[in-house]
Ligand SMILES: NCCC[C@H](NC(=O)CCC(=O)O)C(=O)O
Ligand SMILES: NC(=O)OP(=O)(O)O
């Protein structure tokens, strides 16, 4: 694999999931692959899980890992072409990414959307510029429209914890106080549409995701109907796709609690984290027996390691 930006970059999804689960059993079996190879993780936005799990995945494969929080520690980056740089930006992405490529065998990039200009976000301008200018294999650490390492870890978690061969998986919108990206739900939907699951998305009116990511999903505005007898419930807030980045109040009753879960007694509750307690998801669920959010975050290591291994194999 030379690029990991979406599920479409994966030749064989079940094989990648199986590889992640195998690495979980034997984490250090491929240390020779990463010997004398450098992984650079570049963050334009905050991170806990992606940073630590991908760093650990690289180390498990014997790689040297460099982390650069470029938003805080780097020179202010210019992303636009054709501008005279007489303002606050100091270094153009063309030089910055090109230089990082000189120091790295694989680069990971995190770049959130601005949530102002939909065309710009959905054309993945920043992520694609890194890919173009660094000239080495690139892994998305969450871009404007997708979070594929998260979705792979989610699929690994479902595969590991399912008790029926084709589980019912529900993505449900949750309340929040500020506009959040669509990257996590887009990506989760895109991966679930390719998996052997029965997949439903529930959200209030006005929060429909871009249809490119949700093609075979059942979509409803009725949360109760959606979660009934679910095997997995994936909780996530996102802002509107149309009008882009908008949020509307009045949907606070979409937060799951134990009372709502009475109709889904077997459901395992997932969330990519970070989660705002008692705003997006109730503490009683997070602290209760149905939550698998910590286990899910643990699987981020094996997802990242499976992807890095496939990249190292073709370096
Ligand atoms: N990487 C996981 C999710 C990142 C981001 N969440 C956030 O920005 C949460 C911010 C807050 O709760 O203030 C998102 O939803 O895409
Ligand atoms: N889920 C996730 O990507 O977490 P971080 O933003 O902390 O990396």
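Here the Cβ of each residue, glycine as well, is placed from N, Cα and C on the backbone.
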142, 176, 236 bind N(2)-succinyl-L-ornithine per TrEMBL; candidate in 94, 276, 277 listed for that same site: 276
Suppose we screen the binding-site residues 47, 49, 272, 276 by Cβ distance to ligand 2 with a cut-off under 6 Å; which survive, in sequence order? 47, 49, 272
For residue 147 (carbamoyl phosphate binding site), which of the binding-site residues 176, 236, 276 has the nearest Cα in space? 236
Which binding-site residues out of 142, 149, 236, 300 lie by ligand 1, going by a Cβ under 6 Å? 142
Summary of DSSP states over the domain 'Aspartate/ornithine carbamoyltransferase Asp/Orn-binding' (184-310), given as helix, strand and coil counts: 45 helix, 20 strand, 62 coil
